[in-house]
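Structure first, then comments.
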Amino acid sequence: MASLSESEVTNRGSMWELDQNLDQPMDEEAGRLKNMYREKKFSSVLLLRLAFQSLGVVFGDLGTSPLYVFYNIFPRGVDDDEDVIGALSLIIYTLTLIPLLKYVFVVLRANDNGQGGTFALYSLLCRHAKINTIPNQHRTDEELTTYSRQTYEENSVAAKIKRWLEAHAYKRNILLILVLIGTCTAIGDGILTPAISVLSASGGIKVQNQNMSTDIVVLVAVVILIGLFSMQHYGTDKVGWLFAPIVLLWFILIGSVGAVNIHKYNNSVLKAYNPVYVYRFFRRRWNSDIWTSLGGVMLSITGTEALFADLCHFPVLAIQIAFTLIVFPCLLLAYTGQAAYIISHKQHVVDAFYRSIPDAIYWPAFVIATAAAIVASQATISATYSIIKQALALGCFPRVKIVHTSKKFLGQIYIPDINWVLLVLCIAVTAGFKNQSQIGNAYGTAVVIVMLVTTFLMVPIMLLVWKSHWVLVVSFTVLSLVVEVPYFVACILKIDQGGWVPLVIATAFFLIMYVWHFCTVKRYEFEMHSKVSMAWILGLGPSLGLVRVPGIGFVYTELASGVPHIFSHFITNLPAIHSVVVFVCVKYLPVYTVPTEERFLVRRIGPKSFHMFRCVARYGYKDIHKRDEDFEKLLFDCVLFFVRLESMMEGYSDSDEFSVPEQGAAGRPLMMSGAAAGAFLAAEKTSMCSNGELSFSSQDSIVPAQSPAPAPALRGVTARWSASTEVGDELEFLNRCKDAGVVHILGNTIVRARRDSGVVKKIAVDYMYAFMRRMCRENSVLFNVPHESLLNVGQIYYI
């Protein structure tokens, strides 16, 4: 940008206007690109193959529920056949209403470009309404190809809901708290699933040897759990090809055994498909232990939320096919067969699953059951990693090490710190309770809370994203709550019988997430209010009032516009600054991914003589800084591309390629990326060389091939020729500065509560947040900054 004269500054009015004109948020940099992320079409054969593969990833948890459901429904034994038939009828219609109708055919459609889970729903809402509690979003972010959103009529119901949500900050906070509750209980689900699945499968050893101690079963379960978590660093991609065949074999086994038991013992259980028996079940057990039974029935749909969270790599149609053709029929046969066996052997309700298996296939069935329990545990563990990654990206979890275990599937990750925390908690739950009943009570509590959160989040999704009629929204909500609220009450009444475990786990993770997010938001607000005026920077002059030493300084900031306070703090305390300064902002958006060609935005700050730039790197919650990626090189290349493209666009307007420019290129902000800039430069080279009058030299400078007498039509060409000389000098200057050395300047901030703050705030900020800051990974590690090129600038923020 050319320097502003005194008259120009006067004409613009106040310093505030000057500040706005010099460093506005990047508008034109984020030009629209062609949408490359339309929904893919799959052939029938590929769709069936994906449906088969989804069995091993999505349905393992739901499929292992027959191991422990009936024991938790009747922990005190069975007195009457009608109770078994009524419980079976309740299981049948619970499976039909929740997994089949609610999730498979409704909730799965609310995915974020194939990403499922609580945070995926939250990201959808953040794109359609301004409810993000960290206000670092800008309208240019909405032009991303992955940033899909709806427009609303002024007086529509969706518009009114949108305005209602955006009206007050407390509504945004309530929504965030709801999301965090669902996320934290889902993490508790990831702890309890391995515990109850592996312990239930290991219980098959005792069936053939009644004299065996329960401690032996628990020991076997603990050994399996240790082996399971110790193998996590290899990733599911190494052994994932085994998962689908194992789970398919498991479903065939339980379905076949169920059909045999119906024929062999008592086919009268088929009348449970009449919903009248649900009413009879409630009437018979209302004054006895109906809530205990409901808590047991709740376990038949555990894994349903994991079905949504593990959506990542499979189209919705493939999951719908797998569930309706294989999972749902086999589960109905399995539960019906167990009910038939229990009616004939009421004393075996404790271990009805293994007792109902024919002796000839008992041990093969035990091996398959154990393998299926491991697969089910793997699915929830992987889902927990994904949840932590999403929470971290949206500023709700401390920075932890994330390892990609597959080059083909970015969704397959491993988090070492979380892995060992899960292992310790799983072993503690398994060894502490030693029986399925109390773990089942805890498990049901975690599952039903997540389901309720999903139901509440689906209401604004249906109104804002789908623009559904309010009658459909009310119908969906009422039908979901009619089923889920009784189960929630049943689980809450069993808090003292193990239900307290997921509440304690969820509370601990909630405090971690909320305190981290609160301090992150307050720190961002502090930086926004204390950022340096661009007018002050201009007043320092090209040298910024200091000695400009050779080299490039990358100054990291959370601000996407304006000069951070850390910069003024730095130049106030040191007598020199680098010849080239690049302010780097890395921010996450409420999208699942940002395409590489749209990731970086670059613009110039101040006149060209200042050699100051801003680079904004945008990521989605699925994206991550790869360790083999040279972030420093990417930043420098983007600045070089910006300078080249800036000179290319300096000499002409959109209407007339050879017209005299109205303003310098510095006044024309650009979006820059390697792929986009390369394509643009190639196109420019082709178009300008094809007219026979211009050509490119080896330095990509435009020089006249033939020099006729100057004509009015070629004044723009002369201007561009002059600009090319300038850009060549600037590119050479940038390369010399890079050779002189690169320094990464990071803020090493200490956040403290004010002296007049309350006791709770002081504990949260001065102790909890401070401890998490010391324990989490440094930004320098995330950006892969060499230690010898790192410069920390210390500051204290009082919030």
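Positions of Cβ are set from backbone N, Cα and C atoms, glycine also.
Among the features that TrEMBL reports, transmembrane segment is placed at 42-64, 84-105, 173-196, 241-262, 290-309, 361-388, 409-431, 443-465, 472-495, 501-521, 533-556, 576-594 (among others). The domain 'K+ potassium transporter integral membrane' annotation in TrEMBL covers 50-537. Per TrEMBL, domain 'K+ potassium transporter C-terminal' is recorded for 550-799.
Here the transmembrane segment (42-64) has long-range neighbours at 99, 193, 197, 200-201, 236, 240, 242-248, 250-251, 254, 301-304, 306-307, 310-311, 313-315, 317-319, 321-323, 325-327, 330-331, 369, 372-373, 375-380, 382, meaning same-chain residues at least 6 beyond its ends whose C-beta is under 8 angstroms from one of its own. At the 8 Å Cβ cutoff, the transmembrane segment (361-388) and the transmembrane segment (241-262) share at least 3 close pairs (sequence separation 6 or more) and count as touching. Here the transmembrane segment (290-309) sits against the transmembrane segment (472-495); at least 3 CB pairs are under 8 Å, leaving out pairs fewer than 6 apart in sequence. Within its own chain, the transmembrane segment (409-431) is flanked in space by residues 190-192, 194-195, 198-199, 218, 221-222, 225-226, 229, 232-233, 235-237, 312-313, 381-382, 384-386, 388-389, 400-403, 439, 442, 501, 505, 622-624, which lie at least six positions past its ends and keep a Cβ under 8 Å from the stretch. A Cβ distance under 8 Å defines the sequence-distant neighbours of the transmembrane segment (173-196), meaning residues of its chain 6+ beyond its ends; these are 61, 68, 117-119, 121-122, 125, 131, 133, 165, 221, 225, 228, 302-303, 305-306, 309, 376-377, 380-381, 383-384, 387-388, 391, 396, 422, 425-426, 429-430, 436, 439-440, 442-443, 446-447, 449-450, 453-454, 456-457, 501-502, 505-507, 509-510, 513-514, 517. The largest share of C-beta pairs under 8 angstroms with the transmembrane segment (84-105) comes from 472-495, of the ranges 241-262, 443-465, 472-495.
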